[in-house]
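Just below is one structure, and these are the notes that go with it.
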Amino acid sequence: MANHNGLITDVDLRSHENNLAHRTREIDRERLIVRRGQPFSISLQCYVSLPPKHQLELILHLGSKDEVVIKLQKGRGAGDKWWFNQQRAQDEMLLTLHSPADAIIGQYHLAVLMMSPDGHILEKTDKLSFHLLFNPWCKDDVVYLPDESLLQEYVMNEDGIIFMGTWDNINSIPWNYGQFEDYVMDMCFEVLDKSKDALKNSEVDIKQRNDPVYVSRMVTAMINSNGDRGVLTGRWDESYTDGVAPYRWTGSVSILQQWSNAGARAVKYGQCWVFAAVACTVLRSLGIPTRLITNFSSAHDVDGNLSIDILLNERLESFDGRNKRDSTWNFHCWVESWMRREDLPKGNDGWQVLDPTPQELSDGEFCCGPCPVTAIKEGNLGVKYDAPFVFAEVNADTIYWIVQADSQRKKIRVDQASVGRNISTKSVYGDYRDDVTQQYKYSEGSNEERDVYKKAGRRVTNEITEPGQLKLSIKPSRPVLGTDFDVIVEVKNEGAREAHAQLDLVVMAVTYSSLNRGECKRQTISVTVPAHKAHKEVLRLHYDDYVGCVREHHLIRVKALLEAPGENEPIMAMANIPMSMPELLVQVPGKAVVWNQATAFISFTNPLPVPLKNGVFTVEGAGLLSATEISVKGDINPGQKVSVKVLFSPVRRGVRKLLVDFDSDRLKDVKGVATVVVYKRHIRSLN
C-alpha cells in the first residue's frame with residue numbers, strides 16, 4: 001500500500017513469507033493469515049529516516065464496529081499482551097509483531113501511527129488487515145498438539161474418509177473437507193459472526209473468541225439451523241425435493257458457499273455425517289485439530305435414564321405410542337477436537353466430543369459439547385458439556401418390549417453389550433480405519449467397566465438367568481443391490497428333548513437412524529427341532545420384494561421372534577443387512593500439473609434389472625475443481641455401461657482426491673474416488 005505524501009511511503013505485510021512460516025499458505029498467498037503465539041513481520045518503506053524522538057505506535061481493531069481495540073506495547077512485554085519491536089534496515093523499518101498464545105482469533109485491522117515527541121499523530125496508515133487463527137504448533141496455545149503427523153492429518157488434510165454401515169459390516173465414503181479452498185476461512189468466520197451470541201452482543205462474543213471451548217460450542221450450534229441462522233437443515237424423512245438429499249453431498253465447500261451466498265440461509269439438507277463433516281471443515285480451518293468419529297450402534301437416549309426402550313407391537317413393528325422415542329442408530333457421526341480444558345479439573349484435556357447434529361437441547365440450544373472423551377470413559381457425568389447424553393450414546397442398555405393389545409408391556413430382550421461398538425476414525429497413516437473404542441470405554445465385562453457404570457448410575461445386573469433350551473440367530477449376509485438373496489435364520493436346540501415352536505420373521509427396509517421404510521416380507525412358520533440339532537429356515541428375497549421399500553441407505557432389517565412351550569420368554573433376534581453398492585470407476589491417466597488441463601474418465605454399469613432415469617454425476621476435489629454436475633442423457637438400461645469425461649485444471653499441487661457421486665431415480669449414493677498427484681509447474685527460462 002503506497003503513500004507518496006508522508007514519511008511512510010509503503011507497507012509490505014510480507015504475506016508470502018509470513019504465511020509460509022505460519023502454515024497458512026494453502027489458505028491464501030496474497031492476504032496475511034497468521035497463527036497466534038507466533039511472531040510475524042511487516043516492513044515500512046520510509047521516505048527518510050525517522051526524525052529524532054519520533055515514535056511509531058501500532059493499534060489493532062477487532063470487529064465490524066471496532067468492539068475491541070488493542071494498543072501494542074513497544075518492546076518485549078508480558079506473555080499475555082501484544083507487543084512489537086522495530087529494526088532499521090536501509091530505507092526500511094522492519095516491525096515484528098508478537099501475539100499472545102491466547103489472543104482472540106478473527107480479522108484484525110492494523111493502524112500504524114507516526115507520533116511526534118509531544119504525542120500528536122503526524123501520520124496514520126490504517127488500511128491494513130490480517131487474520132489470526134488458533135495455533136496447534138504453539139506449546140502455549142491450549143490447542144497445542146505435540147505430534148506433527150497428527151497435525152498434518154487433523155489440521156492440514158483436506159481429504160477425509162467417513163465410516164458408515166453397520167458395526168459388523170463397515171463401509172466408507174470419501175469426503176472433501178476443503179478447509180483451504182478459496183474463501184472457506186472467511187465463511188468459517190461468518191459462521192461465528194451469525195451466531196445468536198454474536199448478533200445479541202458482538203463485543204462480549206468477540207472477547208470470548210480466544211477460547212476454543214467457546215468457539216467450538218458455537219460451531220456445533222451453528223452447523224445446524226435449529227433456532228438460529230445455521231448452515232444446514234436436517235431431514236430424515238426422504239422428502240428432499242426442495243433441496244439436496246444428504247447422501248448426494250461429497251464435500252463441505254459447496255454447502256458453506258451456498259449458505260453464505262444466500263445471506264446465511266440454511267442449506268437443505270443434512271444428516272449426521274454431513275453435519276459432522278462441515279463442523280470438521282470449520283474447526284480445522286480455524287486451527288483447532290479435529291477428526292470425524294463414527295459410533296456404530298449409537299444410542300439416542302431421550303429421557304436420560306441410560307436405557308434405550310424399543311417398543312414393538314405384536315407384529316414386531318415399531319410402536320409409535322410416544323411422539324419422541326428412544327432409538328438406536330446403525331451409526332452416528334460427531335467430531336472430536338483437541339484442546340486443554342482449563343475450565344475443568346485436571347484430567348479432562350485432550351480429545352473433546354462435539355456433536356452438531358440437532359438431537360437434544362443443551363443450555364437451551366441445539367448443540368453438544370465439548371465433552372472430554374476421558375470423562376466418558378471414566379463415567380464422570382458432571383463434567384461440562386453434555387456428558388450424560390454422550391455417555392448414553394456409547395453405553396446405554398437396549399431393552400425390547402412388546403406392547404400388547406391391552407397396552408401392557410412385555411419385556412422380551414435386554415441387550416447390555418450392543419451399544420457403542422467399533423468407534424472409528426480415519427487413520428493418520430492412510431485411508432483406513434482406526435478403532436478408538438478403548439478411548440471411550442473399558443473392555444466389556446471388565447471390573448473397570450463395572451466401576452464406571454456404578455459411578456455413572458447405570459445399573460449393573462448380577463442376576464444369572466437360566467439358559468433356555470432354544471437359541472435363535474440370523475446368519476450375516478452381504479447381498480448386492482439388484483439381486484435375489486436368502487435370509488437364513490437358525491433355531492438351535494441345546495436341550496435333551498425335541499422342541500416345537502412358532503417362528504415369526506419380518507423383513508423390512510430401514511434408514512441408518514432406524515426409521516421404518518416399509519415391510520418387504522413376512523412369514524410365520526411352525527418348526528420342530530430335534531434334541532441337540534439345529535433347524536435352518538431360509539427366506540428367499542427377490543428384487544421385487546424389496547425394491548419398493550429399500551431407500552437411500554440400502555439397508556434391510558430382519559426381526560425374528562421364537563415362541564415355544566417351556567421357554568420362559570419369547571426369544572428375539574435382529575440383524576441389519578446392508579446391501580453392497582456397484583463400483584464407480586474413476587481414472588485420471590497421465591501426469592497432473594498445476595494449471596495444466598487434466599482429464600478424468602468416469603464409468604459405471606447399471607446392476608439393476610430395470611432402467612435408470614435422470615442419472616447425474618457430481619465431481620469435486622480440493623485443489624482440483626469445485627463441485628460440478630454432469631447429467632447422463634437418456635436412460636441407462638440394465639447391464640449398460642455409461643462413461644463420462646471431465647476436464648479440469650488443478651490449482652494446487654500435492655496429493656489430491658477426486659470424488660465422484662452418482663445418483664438416479666432408482667439407484668443413489670454410488671461413490672467413487674481417484675488419487676491425483678499434482679506436480680509443480682516448471683517455467684522454462686527464456687534464455
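Positions of Cβ are set from backbone N, Cα and C atoms, glycine also.
Those TrEMBL annotations? Automatic predictions, nothing curated.
Remember, predicted model here, so these are calculated numbers, not experimental data.
Feature annotation from TrEMBL assigns active site to Cys272, His332, Asp355. The Ca(2+) binding site feature in TrEMBL is assigned to Asn395, Asp397, Glu444, Glu449. Under the heading domain 'Transglutaminase-like', TrEMBL lists 264-358.
Within the model, the domain 'Transglutaminase-like' (264-358) carries an average pLDDT of 89. Cα spacing between Glu444 (Ca(2+) binding site) and His332 (active site): 21 Å, rounded to the nearest whole number. Using a 10 Å Cβ-Cβ cutoff, Glu444 (Ca(2+) binding site) registers 11 neighbours.
Looking only at the recorded positions Asp355, Asp397, Glu449, the densest Cβ neighbourhood within 10 Å occurs at Asp355. The Cα of Asn395 (Ca(2+) binding site) lies closest to that of His332, out of the active-site residues Cys272, His332, Asp355. The two recorded residues His332 (active site) and Cys272 (active site) have their Cα atoms spaced 6 Å from each other.
If you draw a 10 Å sphere around the CB of His332 (active site), it holds 25 other CB atoms from the protein chains shown. Taking CA atoms as the reference points, Glu449 (Ca(2+) binding site) and Cys272 (active site) are 28 Å apart.
In this structure the alpha carbons, written CA, of Cys272 (active site) and Asp355 (active site) are 9 Å apart.
The Cβ of Asn395 has fewer other Cβ atoms within 10 Å than any other of the recorded positions Cys272, Asn395. Each residue contributes its Cα atom, and for Asp397 (Ca(2+) binding site) and Asp355 (active site) these two points are 21 Å apart.
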